[in-house]
Structures are given as C-alpha cells and as structure tokens.
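Per TrEMBL, these features apply:
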- 47-92: region 'Disordered' (REGION)
- 52-71: compositional bias 'Basic and acidic residues' (COMPBIAS)
- 95-177: domain 'J' (DOMAIN)
- 296-369: coiled coil (COILED)
- 428-460: region 'Disordered' (REGION)
- 436-451: compositional bias 'Polar residues' (COMPBIAS)
- 452-507: domain 'Myb-like' (DOMAIN)
- 520-574: region 'Disordered' (REGION)
- 561-574: compositional bias 'Polar residues' (COMPBIAS)
- 573-627: domain 'Myb-like' (DOMAIN)
- 576-631: domain 'SANT' (DOMAIN)
Amino acid sequence: MAVHTKFRLITYSQEIVDGQPIFVSSNSLPTKALKYEPAGHSFHSAALKLRGVQEDKNEADDKKVPDDKEQTSLPSDSYSSKSKKKSGTGDKQQDHYALLGLGHLRYLATEDQIRKSYRETALRFHPDKQAALLLAEETEAAKQAKKDEIESHFKAIQEAYEVLIDPVKRRIYDSTDEFDDEIPTDCAPQDFFKVFGPAFMRNGRWSVNQPIPTLGDDNTPLKEVDNFYNFWYSFKSWREFPHADEFDLEQAESRDHKRWMERQNAKLTEKARKEDYARIRTLVDNAYKRDPRILRRKEEEKAEKQRKKEAKYLAKKLQEEEAARIAEQEKQRKEEEERQAAEAALQQKKVKEKEKKLLRKERARLRTLSGPIISQRLLDISDDDVEGLCMSLDIEQMRSLCENMEGKQVLSEQASVLRDAMSSKKEVADVKTNKQDANGSIKANGSASRSNVEKKEKPWSKEEIDLLRKGMQKYPKGTSRRWEVISEYIGTGRSVEEIMKATKTVLLQKPDSSKAFDTFLEKRKPGAQSIESPLSTREELEGVSTLASTNSTEESHSKSTDNQNTASANGVSSSSEQDVWSAVQERALVQALKAFPKETSQRWERVATAVPGKTVNQCKKKFAMMKENFRNKKSAV
C-alpha cells in the first residue's frame, strides 16, 4: 500500500519511500533489504526506539550486563548469526551465544562470562517470570501456544549453557560456527598488508598457541617477519571437523560396531584436518611470495651474491696476474743466473785454455833444453824420463826447472839439475805409493773381513727366493713390523738383515747377467768396422827426431806427446777429442748400457770394452751428456 506522508510519525529514508532496495551492515553477513513497505505497530515502536523516543524494557535489562563483555572486540565479517537464532528442534542449528546474550563475544567469551550471562538470561526468561504474558492471551489455545513457546525458549537457553560450559562440546560448536574460509590469492604490492593482515587475524582464532604474532607493516624488522612466518609454517590448530556423514556412536549395535564407527569418523576428521592445513599453508605461501619485505631481502641477497661473485673473480684475476708476474721475474732471474754461469764457465774455460797453452810452452821449452842431454846420453837420462817430468810437474815447477837449466852453461850441469828434479819426483812418487799401499792393505783387510762375513751367510735357495718374493707382495710397504712378518712367513730362520739385503741383491739379479757380455760379443756383426783411437801413439812419433831443426816441428811433437801422456795418465782425452763420437760409437754405447744394467759388476769396464776407441771416463761423460740432453728436451716439451 502507499505511504501517506501526511500522517507520518517518523521520517523514513527516501529509498524506502521510493521503494528502492537499501543495504545495511551488521556483525552478521550482509543483508539486502527487499521491496517491502514498513507496516505494523511493531515496526513503528522499533523506529521510535531507534530515534530515542522510547526505551524498551528488555533493552534496559540488557544494559545491566557488566562491561567485561565489551572488553574484547570481534573481527568484522568473521561470524554471522544468520540461520542460528532458531531453536534446535529444526533442521538448522540454534545460536547458543545469541541465546545467552554473548553474540558480540562468541568464542572469546570466558567461562565466568558464560555462567553470569546464563544466570541472568535464565532468571529473565524463566517460565515463572513469563506468567504475565499468558494472562495477556485471550483464548486457551493462544495461552497454550504461548506457554509452549516460553518453555521451548527456556529449554534452548539451558541447552546452550550445557554446550558452552562443556569444553569439548563448546570446541565442537565453535568449530562449526560460521567462518570465512576464503584466502586471498593476489593483490597489489601497496595493498599487501590490508589484504593479508585480516586473513591471518581471522585464521589465528584456531591456533593452539596464543597470542598469535601480527603481520606488521613495511617497517617491521626482518627478525620479527621471520618469526611470523615460522609461526604460521608450524601452525597447530585446535579446530574440530564434525562431518555430516559421521556415524552416531549411540546407535552402535555392539562394541565392535562402535569401534568401526570410531575408525570411520576418524578417517573423515583426518581428511578434513589435512584439507584445512593445506588451506592454511596456501595462505602462508601466497603471503610469503608477495611480502614486499621478503622480496626486498631476496633482492639484497641476490645483489650481495653477485657482488661476492665479482669480488671473487677480481681476486682470482689479480692472483693470476701476480702469479704471472712472479713467474716472469723467476724466469728472468734464472736467465740472468744462467747467463752469469755461462759467462763464468766461459771465463774459466779461457783461463784453463791459457794455462794449458802456457803448460805446453813450458813442456816444449823443457824438451828443447833436454834434447842435447838425451842425444848425448848424459847421466843415463832418456826421453821417457823427460816425458815423465813433463807429465808430473806443474807449470811453476816446470818454469823453475827450465830457468835453472838455462842458468847453467854446461850440459853436464844442466843434466845434473835435470837428474835432481827426477830424483825429487821419484821420492814424492814413492811416498804416494807407500800411502796407497797402506790404504790398499786396509781396504783389502776390510774387504777380506766382509768377505768372511759374507761367506758365513747361508746362500739363498730357489724356494726361499720364491717365498721372499711372495712375502714382499703379500705384505707391502706400510705393514706393521713388515720385515719380521716376512721372516716368519719364510720360516727358515732368516734374520731381518739378511732379508733386507736379499731384497737388494738376490731379487734384483737377472738369470743370465754374468753371460750378458759374452752374448753381446757373439751377437755383434762380424763385419763391423773397428774405430781406431784418434790419439797419437809412441810408434807414430819414433821417426821424429828429438832435436828438430825448426821450432814448428818441435811444437807439433810436444803437442802430440802431451795429448798421448795425458790420455795414458788420466784415462780421458782432451775436451775437443771427448766431444767427437761417431754414430757407430754412440750405438755401441746404447747397446752396451742395455746389455749391462746397474747391478752388473764392473759395469763401466764392460761398457768401455764394448765401445771401440773409448775409455771408461769417456763413456761415463757421454752418458751424463745424453741424460742431460734428454731432460732438457722433456722440460722444453
């Protein structure tokens, strides 16, 4: 019907007057007003009460509730009393908190508040207190209906108290209370705290650990942020999950049937609990991915990691450059040392060449002075005696001898000077010979004693050698008390000294080493050309007269004799002749070194015999040069 503004007692909203829908908000879910016109005395009285014109008696009684109900506020749009204000007789569940007047507190209400509210509500809505309402009814049917309504309302209050005062029943009821399970998935960076903050506060009611940490703001320290996410990643919930398909244990037919029902109900509860934990984990993951504080820290860590990487690269580059610089300095130092060593060697070589040249001149001078004496056979001085003096005296002694001979004008006096030099040389030679004989006797006695000791040692049999070889393989280096263990393994009473000596002698012997030289000589080609020694022999110089008519002939004779005596005395030729090796001689040296290994007795004597025209010292020097050349090539590669 139409609204008559002329008789209005209150002012209505223009939307209501025009018949348009309006939206209102409350602690419950959003409610949309329908296109219905206001009518009735009840609506009129409610409008007057909102305007403050009159006060309801029930509202005045409600104001007497202590202030402790308003101490804790409830998050907005978290709960709703929708479909819960009906009694439990219907299909829908009644709102126990609303019946006790605790709708503004709900799960935050304490046990004392529940008891106090129940006493006040039960006293106010007791059937004895509502008897006046029955008298207001006119008919018996209306009175009976009103009585049933009052009793049903009082029973609902008692039922609500029984549920809320029991911790188990109340936890189940709070778990089934209406709750916004939706979680935000995405938001703008500037709206992160506005979107995710209320979501965490809303879900924090289920936490076992109270109080819960807050999300904070953009200026919250990172330590508190990490603590916040650690709390939610290890979130523990007390929420129960009663399922509509659960079995009623009171309807069980037997004990086994009841246990089966409990197992089925536990499966449904566990499944719902896992789904709720997955929902909470999704909320935390979404927040962690979009938290500007976490993103900022990740960027800083990434930048720090890149900085460390670049610093490490630069440090490595500097280290390589420093190592290259040091290597270059070391190379230059070695080159300088080699250059100085080469210069010193060259200078020393020049000094030696100069000394040799002076020595050859003094020898030629002595031969010239002693030529007439030798030709006339004065004091039985022969050419061999003069050559012996040339080979034994040094340059100073030879110069002094020549000056003394030149100071004498008579040949007999020169011959006596020469004889005196020969006699003094002989005395020195006798002293050296006596010393060598004494040393030789000592060495001979020592070798004899050692040979006696060696003769006392028992020779090794083939079986003992095989056992020794197997013991060496079975007990390698590093074995504790190795030699004692090997001695016990052989079992023939061999001492540790004998075993250690045998490993260096017996095990290293080759079966045919004694006949290796004979085999080498047999395998030589019969048509191999023999290389004559390039040294001049005494027979070649017999036709040359000691008293040469010219100085050139005498100089050449002295040089050839000097080379010959040097080779016979020292066993080596001059430096120029030592470097001359033919291909046949080098091949023979290599074959001889292979045929006679290191452990061969008198190795170098056999090698020198196998190489035509070369002595022991020459073979040793050539072998050292070959080894040095091989090492230089290897280092160059």
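Each Cβ is built from the backbone N, Cα and C atoms, and glycine gets one as well.
Mean pLDDT for the domain 'J' (95-177) in this predicted model: 88.
Broken down with DSSP, the domain 'Myb-like' (452-507) shows 37 helix, 0 strand, 19 coil.
Residues in the domain 'J' (95-177) partition by DSSP class (helix H, G, I; strand E, B; coil) as 62 helix, 0 strand, 21 coil.
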